[in-house]
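Here the structure is laid out as structure tokens; the discussion comes afterwards.
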Amino acid sequence: MAKITFIGTGAWASGLATILAENNHKVTMWGINRDEINDINRGLNRVYFGNNSFKNARKIEATDDLEKALASVHFLVLAVPSSAFDKVIPNIKTYLGDRQVDVINVAKGIDAQTQMFYSEIVRKEFGSALQNYCTILGPSFATEVFAGDLTVANVVGPKQNYLKKVARTFNNSHFKLVPHKDENSAQLFAALKNVYAIGTGMAGVLFPSKNTEAALLTIAVKEINEIKSVMFPHSSKTFGFEYAAIGDLFLTCTSLKSRNYSFGVQIAQVGVTSALELNTKTIEGYRSASIFRELIEGSEYQHLKLPFLKNIMKVLFENKRPDKLLVFLANVD
């Protein structure tokens, strides 16, 4: 059995950790919150899951000792916010010494400062210490993964053999990873679906029709594919049908469990400024909207209409009234 170390003790890390423990792998979770570490060592993570226990909790250990966490590790799972990469990864490299490591990233999106996808940042930060790399993306609320609900997602990266190895490590009767090599498309969908979720959240309040919802989800998939065709012209033409594409988009854009969808609901109810004040945690879709707003102003994107995306951005940044979000539908083609 493999030894897997998680950098992070949050909800998503805990959800995946219980899957691996159930598969009888040895799991170490590194974190900085002593209360959370002690909780995990008692078989719980009450911050996120109340009194619901980890499966096979004896296989899971939490620590704040990074050197101990990295000893004899087979897989390293990055499960911290991307904003912590530049602080955490150099420390990891220090304790690795001359060793190389297989990395699994579970952070989604695009970095605000560099406008780089997380795969690019991880490869840059790890350098020669990185042996293999992949990302787990797809429709997977952490609470449902932790509860053992049936979940199917993608594991994406350039090396098919490594993807299959990771999939074998995680897969069981209720959790399945499907390998796919189109890393760029997966990351683009992961970043943009959060923006569209804000839009569908607004629409869910102001235009509460399943007909409307279905139309908007269809438009979102089309628009992301249009952006993908410019940004990654040689990428897979069929990736939009994958779990990390249409699957994750549908999940994030239709549920109040989604922080971005809930943020859109709040905007429809109280406006952008008040909605931002109500949220103490980062709204990934809001940050991604700002990044892509700048990107699509580039000359190579000028021929793209992208009416849904642009109208979401106008509500977020240009004081457009949320009830005018869908005026573009009169001219949709």
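Yeah, the Cβs are placed from backbone N, Cα and C, and that goes for glycine too.
The feature domain 'Glycerol-3-phosphate dehydrogenase NAD-dependent N-terminal' is assigned by TrEMBL to 3-154. The annotation substrate binding site is assigned in TrEMBL to K108, R259, N260. The annotation NAD(+) binding site is assigned in TrEMBL to A142, R259, K281. Here TrEMBL flags 183-326 as domain 'Glycerol-3-phosphate dehydrogenase NAD-dependent C-terminal'. The active site, proton acceptor annotation in TrEMBL covers K193.
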Inset, instruction - Report the residues of the chain - excluding K108, R259, N260 - with C-beta within 8 Å of the mean position of the site's C-beta atoms, for the recorded substrate site, in sequence order. - result: N194, A197, T252, S258, I283, E284, G285
Inset, instruction - Let me know the largest Cα to Cα distance in Å among the substrate-binding residues K108, R259, N260, as an integer. - result: 14
Legend entry - Environment of A142, R259, K281, the listed NAD(+) site - residues of the same chain whose CB lies within 8 A of the CB centroid: A11
Inset, instruction - Give the residue counts of the domain 'Glycerol-3-phosphate dehydrogenase NAD-dependent C-terminal' (183-326) per reduced DSSP state, in the order helix, strand, coil. - result: 107 helix, 0 strand, 37 coil
Inset, instruction - Please work out which residue of K108, K193, R259, K281 has the most C-beta neighbours within 10 angstroms of its C-beta, and give that one of the recorded positions. - result: K193
Inset, instruction - Based on Cα distances to K108 (substrate binding site), point out the closest of the recorded positions A142, K193, K281. - result: K193
Inset, instruction - Can you check how the pLDDT averages out over the domain 'Glycerol-3-phosphate dehydrogenase NAD-dependent N-terminal' (3-154)? - result: 94
Inset, instruction - Round to the nearest Å and give the CA-to-CA distance linking the residue listed as 'active site, proton acceptor' with N260 (substrate binding site). - result: 9
